[in-house]
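One structure is given below, encoded as structure tokens.
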Amino acid sequence: MTETALQWLPVYGLPVLVLIIGLGCLGAPAPASLTLLISGSLIASGDFEAVPVYLTSLLAAIVFDHLGYSLGRWGGPYLQRRRIPLMDRARYTLEERGGAAVFLTRWLLAPLGPGVNYVAGAVAMPMRQFTPYDIAGEVVWVTAYLGLGYVFGTYVSLIAETLGNATGFLAFGVLAWLLWRFIRHDTRP
Amino acid sequence: MGRFGKNRERNRRAARWLLGLSLAAMVFFAVRLAADMVYWNDPRHHDQQLEPWMTVGYVARSWDIDRRSLREALELGPAPDHKSSLGQLAHDRNMEFDAYAEDVMQTILQEKAVAE
């Protein structure tokens, strides 16, 4: 499925790029990082132009992150009424370290990115805090993945798999650690 | 136990479930990472495969052959299908991708032989 979708990337270019990145930012299982690596290698082979690809990827990531944030913000009051202690914990964590959480989940802990977008909106993290860290994180993500694709074009599938597994391992490790702290804190009398 | 207490208990259970799932996901990615290391350490797996998203330009660059002569060898016109991918070229020819990829690979090997 992924492979057939990606064969349209060189053919239709930017719209396919926007679609895959957008779906990825909203949490759908779309291969956004792989797509960026491939785009980088297609810049190197002369099939794509660097500036439009870079700007489009960056803009798409930022816009769709904010869409996720807005959806969370819209659904937030409903969750608020249900008095979920995990949500209180998430709000507390985001108030304390929200900037770092948003920044790192754009690239280093990428699998948690969509979830952080929704939760940041749901707990009404101020946009003046969300937006700058989101932009900074997406600049790192887009630059790193396009750059790696450009430089190591022939090893795109190897890099995509390795980075995907490494960020997955890190992201769920951090999530497990946060949940463990929450449970320990919560069960203490 | 009041409403809040019941909520709290349910929430605690949810947190434990999420923790279990996160740990399972962590192990899953660790195993895949290790398996990849073993796979890519084997020199037999260093040759790269043709993928549907690859363009002729990409193939020429990766296998270090002249782009124009590769296009000619694959019987492609010069300009109009500039940005076509191998997947789409196979699609246009009503061929399975794997069969077309085999043809392209033969052409690549011939081109490399000619160049040497």
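Cβ atoms are placed via backbone N, Cα and C, with glycine included.
As recorded in TrEMBL, the features of this protein are as follows:
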type: DOMAIN; residues: A:41-150; note: domain 'VTT'
type: TRANSMEM; residues: A:12-38; note: transmembrane segment
type: TRANSMEM; residues: A:50-69; note: transmembrane segment
type: TRANSMEM; residues: A:107-127; note: transmembrane segment
type: TRANSMEM; residues: A:139-160; note: transmembrane segment
type: TRANSMEM; residues: A:166-183; note: transmembrane segment
Feature contact check the transmembrane segment (A:139-160) with the transmembrane segment (A:50-69), CB under 8 Å, 3 or more pairs: yes
Interface-richest range of A:12-38, A:107-127, A:139-160 toward the transmembrane segment (A:166-183), CB pairs under 8 Å: A:107-127
Counts of helix, strand and coil residues, the domain 'VTT' (A:41-150), according to DSSP: 93 helix, 0 strand, 17 coil
Mean of the pLDDT scores, which run from 0 to 100, over the domain 'VTT' (A:41-150): 92
